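If you check Swiss-Prot, you get these features:
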ACT_SITE  GLU359  active site, proton donor
ACT_SITE  HIS390  active site
ACT_SITE  LYS514  active site
Amino acid sequence: MNADGRTRLHQTPEWAALVKHREQLGEVRLREMFAADPGRGTGWTLRVGDLHVDYSKHLVTDETLALLQELAAATGVSGLRDAMFRGERINITEDRAVLHTALRAPRDAVIEVDGENVVPQVHAVLDKMAGFADRVRTGEWTGHTGRRIRNVVNIGIGGSDLGPAMAYEALRAFTDRSLTLRFVSNVDGADLHEAVRDLDPAETLFIIASKTFTTIETITNATSARSWLLAGLGGDEKAVAKHFVALSTNAEKVADFGIDTANMFEFWDWVGGRYSFDSAIGLSLMIAIGPDRFREMLDGFHLVDEHFRTAPAESNVPLLMGLLGVWYGSFLGAQSHAVLPYSHYLSKFTAYLQQLDMESNGKSVDREGKPVQWQTGPVVWGTPGTNGQHAYYQLIHQGTKLIPADFIGFARPVDELSEELKSQHDLLMANFFAQTQALAFGKTPDEVRAEGVPEELVPHKTFPGDHPTTTILARELTPSVLGQLVALYEHKVFVQGAIWNIDSFDQWGVELGKVLAKRVEPALTEGADVPGLDPSTGALVAAYRELRGRR
């Protein structure tokens with residue numbers, strides 16, 4: 001029991017009921033469940049916005065879902081959700097509100113933080129972004145030499161990179177193809193080198209994304225980009241203001257860098273980095289797709305926000321997806337979760353979800369600071385189909401691990417493809433549907449034998465099935481649909497964190513390595529003695545210096 005008198009999660013009757021249910025359920029056979037309920041394939045579906053969600057191929061019964069709903073009620077998921085939407089400080093370790101939902105609220109909404117409606121601030125920044133994006137897109141904004149901007153390079157890291165980079169790839173078919181967009185995040189100098197090596201400085205705009213303007217990787221890359229620009233434009237310091245803008249709140253450091261603070265786009269402490277690409281952090285995306293399509297994306301986010309906030313528990317899609325994740329992770333022993341989009345344009349979607357999910361729920365203490373006695377966030381992984389089918393699907397089909405998976409697909413290819421390329425879409429989606437069937441129902445030894453397979457090969461060609469999947473299907477990938485998908489996963493992650501009683505909105509795990517890196521760097525560059533360096537790391541530092549030719 002916690003100090004406040006609350007029963008800890010694993011000691012609640014609802015948790016105990018699920019443990020008992022898991023024992024009684026035994027081995028779940030999807031073939032048997034579908035045979036017993038012919039309507040399962042059509043009845044176990046939900047819809048939110050443009051997303052058709054099929055959860056029939058999961059290792060759950062009606063009783064499982066009912067018990068999970070009781071767990072959600074007992075752990076106060078809806079209360080914490082409502083507190084988040086109200087602007088309460090639910091990020092307890094940093095004493096901050098969590099209001100990424102305000103970033104896509106309509107102009108007439110009222111959402112208060114400490115008694116102040118933040119929606120007018122949000123729309124003021126969006127309007128400022130739109131004005132700037134239009135000036136770049138039309139050629140009104142020119143560089144130092146008077147030439148129009150044709151290249152945009154976003155420099156950020158974490159949420160300042162993963163979100164806009166993912167969304168740009170997802171919405172390439174909606175971008176202005178006359179503009180080249182690149183994203184730099186790695187402090188490895190090769191990242192910036194490859195991003196700018198074929199660009200003309202006179203036509204290149206850099207967007208520096210750092211709330212504090214002190215993020216070491218971002219400012220290191222920004223400083224190198226500044227040197228590259230000045231070297232290419234004759235060294236005139238005035239050029240910086242025409243080729244750099246900032247996504248930040250630190251006006252002093254932005255000005256010191258040479259950026260005009262009139263071209264600084266702000267965001268707020270109640271926006272976490274991994275939830276931020278629909279804020280000023282998305283400026284590069286807005287330049288690429290235009291303000292109108294950016295707003296369509298925000299409307300897609302808001303649609304799912306409202307669904308999550310108002311839909312009854314039994315038809316609430318993010319709640320359902322979160323509960324299924326808790327079922328597999330906390331009761332069936334699953335350690336990972338695969339997200340498998342059958343769309344080339346979603347090639348960076350799973351990498352984006354890795355930060356969203358693992359940085360949020362990769363925690364081992366609860367909100368009271370006590371070690372958890374239950375499994376929390378899974379390892380999230382995956383790549384677009386059909387590539388994965390020729391790589392790791394073997395392990396999912398016939399390996400020894402339980403790996404729940406989400407399959408995301410679209411009924412229509414993007415319009416700009418040729419008719420011949422559009423015709424390939426049916427083959428792509430045939431694989432999409434075939435894989436979920438194969439994972440669910442497998443292939444029995446008798447079915448293998450019926451094909452005349454030699455007996456010694458029968459075990460090798462048998463597929464056990466009973467691998468759970470969620471299928472998410474939409475008509476086509478549009479800005480609105482992308483917003484809906486991202487919001488769906490945002491709120492799924494929220495649900496799981498609420499049930500596990502962890503703070504899903506801090507990320508202290510990234511801090512220790514940063515601190516140690518600052519201490520280690522002088523040992524690499526100067527050979528300085530670093531107090532507290534363990535023998536293994538000390539030996540590795542010495543080996544590094546020798547390989548670098550430093551004694």
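Cβ atoms here come from the backbone N, Cα and C positions, even for glycine.
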Cβ neighbour count within 10 Å of LYS514 (active site): 11
Where GLU359 (active site, proton donor) falls in three-state DSSP terms: helix
For the active-site residues GLU359, HIS390, the one whose C-beta sees the most other C-beta atoms within 10 angstroms: GLU359
